[in-house]
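Following: one structure in structure tokens, then a few remarks.
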Amino acid sequence: MSYATSLYLTAAEIGLSITALVLLLLAAWNGDRSARLLTIIAVAALVGAAIFSIGLFDRSASEVAGRAFGDLYRADAFGSFGKVLIYLASAAVLIVTPRFFTQLGGYRAEYPVLMLFNAVGMGIMVSATDLMTLYIGLEMSSLSSYVLASFLRQDDRSSEAGLKYFVLGALASGIILYGVSLVYGFTGSTNYDGIRAAFALDFSTGALFGVVFVLAGVAFKISAVPFHMWTPDVYEGAPTPVTAFFASAPKVAAMGVLVRIAMDPFAGEVDAWRQIIIFAALASIVVGALGAIGQQNLKRLLAYSSINNVGFILIGLAAATAAGVASVLTYLTIYVAMVIGSFTALLMLRDPAGQNLETFADIAGLSTRRPALAWCLLVLMFSLAGIPPLFGFWGKFVVFQAAVQADLVALAAIGIAASVIGAFYYLKFIKVMFFDEPTRDVETSSPVSHWAVLGVCVAILSPLGYLLTIPLGEWTAQAAASFVAAM
Amino acid sequence: MIQTIAFYLFAALVIASAVMVIMSRNPVHSVLWLILAFFNAAGLMVLVGAEFIAALMVIVYVGAVAVLFLFVVMMLDIDFAELRAGFIKNFPLGIAIALVLAAELIFGIGAYQAGRIDLGVASGAAAPILGESNTASIGAVLYRDYIFLFEAAGLILLVAMVGAIVLTHRKRPDGARGQQDITRQVRRNPDEATVMKQPEVGRGVEL
């Protein structure tokens, strides 16, 4: 394995890092005046990195060819799929960001730089095939997330969100590191292949502790119950575009880490981790559905909704089959479209003075003031609830199908039952928009960029999305095959 | 034999001082116990023959902890007069710790002379690199095998720095007190910067 090949395989991350460094210099020279220009360059870089990752997708089918730097990093189909999602989600969030901060006067040139570094970290995470690479990627992504959460530093809620996220995130990192040290101690290797080989020989109680600690730490990052407590507070306090980001790209990255770690190094110990995943899945679905019912703040509501969705994604992982992994990726793709769409719509809700609106009282009677936006939100909410003609249904369908095929019928049944509870607050959202009396004025126009992002998301989620089922099925199956080769 | 005695001495002191780090009420004392813990951990490293890492432990951790110490002292309102008040009372304890450290030095050097503890070979994939000095091996592993992680860790430090500046840096308004305009300073010339006066005897100067 030559360095040239390794550098080529990691070119997306290297390119993004170099762009971020150049942007950092530009930010230092030109100050915050150039923030918008830097945002545009960052979006272009992210889209370029996504296109490059698509290029790697097919090439990585030959397994050995995808390994970089002595198997610290693997550019396989799974990693490429995750990276395309991550980079596109980050780019979409960056597009809708500047307007929010311009209103509050807090947009600074470092924002796109931190987003780029975050994307680099997430890219490393999904491709990591060594526990050290995993930790480095995780820290790079987390550290920039903490700063982004408290980016509106004159706002108390934003600072509080950043501090909470930092303290609990550091705790989760510590838990992961402790688990990593146990796994390394019992296997003598941090490489995924080495760990799998060592576990095949001997899987002791100490190693089981290591596995549990690593899974618990990652469960924190995907905000699965019982490690979800930070989510509503951080999502509510962080600036709305940052919340949109937290709910999309880092979730994909952390889920990618969880899937890879469960299906590669711990693939031989399915019995050991399956019950943990099943518990987390069911608890997340129930807590996400019940917790959202009493919420008045829409960002908090969407936070519980994301906890709920993580539960469904974990059902696919609990199947521990190739079909399960493919269903996780399908669900993640649809989930990202739903989350970005919902938060973009939320960003377009402003009163005439330009203040962002974020409670149920504010969206009452929205259908008379902003019919187009209300109908888009209707599509998004029905899709989140999993109502059939919309594409959100397909994600839930493949996940439950994978679970049933893996003889987890009870799990699938409870999941379906709980998704009915979850439908309640999505329907409440629609009822308030369409049937309540309007109580306040809203801004009547939104910029084209927001409409473009929202339009793409809604188009994917509309029944048109079913045109994607066949290619999406092929891509996810190919990505899932990255692990089956190892199993 | 001497290695075993030295090992248990160092290990027991690492644990004891780690317990004291979290047990002592005074943060300054905590930091001092932490330094003791690091010194003993460095001693353990010497015992297994990793003298380079031992030196790093002392330089980086103890050095960094000295900075941490400084921060604690700067940020907290600590009454130093009160701290010194117990000097006589704590004198025996201080002497005891000094004796233990001296014993550690003797045992440590003795154990190092007697050869390192053999840890055996790890069961995993990583084969030990033999035939080179520790420092050369670490350099080779760090800059050849783990160059990707090394550079990425550098980026993390950059992110931390950018983050700290983003969250704390405030732009002062133009013309604020203490602001330095270097161009203006440089462009001043002696003619306009100095005034010649010839004061009369017994009278002051009016400027």
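Including glycine, each Cβ sits where the backbone N, Cα and C put it.
Curation does not apply to TrEMBL; its annotations are automatic.
As annotated by TrEMBL, domain 'NADH:quinone oxidoreductase/Mrp antiporter transmembrane' applies to A:128-422.
Taken from TrEMBL, the feature transmembrane segment covers A:6-30 (among others).
Annotation source TrEMBL lists transmembrane segment at A:37-57 (among others).
Marked as transmembrane segment by TrEMBL: A:77-97 (among others). Tertiary proximity for the transmembrane segment (A:77-97) is limited to same-chain residues at least six positions away from its ends with a CB under 8 Å from its CB atoms, namely 12, 39, 42-43, 46-47, 49-50, 53-54, 56-58, 60-61, 66, 107, 111-112, 115, 118-119, 122-123, 126-127, 241, 244-245, 248-249, 252-253, 256, 259-260, 325, 329, 332-333, 336, 340, 343-344, 347, 449-450, 452-453, 456, 475-476, 478-483.
Among the features that TrEMBL reports, transmembrane segment is placed at A:165-187 (among others).
The transmembrane segment annotation in TrEMBL covers A:207-230 (among others).
The transmembrane segment annotation in TrEMBL covers A:242-263 (among others).
Under the heading transmembrane segment, TrEMBL lists A:275-294 (among others).
Tertiary neighbourhood of the transmembrane segment (A:301-322): same-chain residues 222-225, 228, 231-232, 234-236, 243, 247, 251, 255, 258-259, 262-263, 270, 274, 277-278, 280-289, 291-292, 295, 328, 331-332, 335, 338-339, 342-343, 346, 384, 395-396, 398-400, 402-403, 405-406, 408, 411-412, 415, 418-419, 422, 425-426, 429, 477, 480-481, 483-484, selected by CB-CB distance under 8 Å and a gap of 6+ residues from either end. The annotation transmembrane segment is assigned in TrEMBL to A:301-322 (among others).
Residues or ranges marked as transmembrane segment in TrEMBL: A:328-349 (among others).
According to TrEMBL, the feature transmembrane segment maps to A:372-394 (among others).
Below 8 angstroms of C-beta separation, residues 278, 281-282, 285-286, 288-290, 292-293, 295, 301, 305, 308, 311-312, 315, 318-321, 323-324, 381-382, 384-387, 396, 399-400 of the same chain, each at least six residues beyond the ends of the transmembrane segment (A:406-427), sit close to that stretch. The annotation transmembrane segment is assigned in TrEMBL to A:406-427 (among others).
Annotated transmembrane segment per TrEMBL: A:448-468 (among others), in sequence order.
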Original post:
Looking at the transmembrane segment (A:448-468) and the transmembrane segment (A:328-349), are there 3+ C-beta pairs under 8 A, with each pair at least 6 apart in sequence?
Top reply: yes
Original post:
So which residues does the transmembrane segment (A:328-349) touch in its own chain, when a touch means Cβ under 8 Å and the partner is 6 or more beyond its ends?
Top reply: 78, 81-82, 85, 88-89, 92-93, 96, 99-100, 240-241, 243-244, 247-249, 251-252, 255, 259, 298-299, 302, 306, 309, 312-313, 316-317, 356-358, 362-363, 366, 370, 373, 376-377, 380-381, 383-384, 391-392, 394-396, 398-399, 442-443, 446, 450, 453-454, 456-458, 460-461, 465, 472-473, 475-476, 479-480
Subject >> Intrachain residues whose Cβ lies under 8 Å of the transmembrane segment (A:165-187), provided they are six or more past its termini >> reply: 131, 134-135, 138-139, 142, 145-146, 149, 194-195, 198-199, 204, 206-207, 209-218, 220-221, 227, 229-230, 234, 238, 265
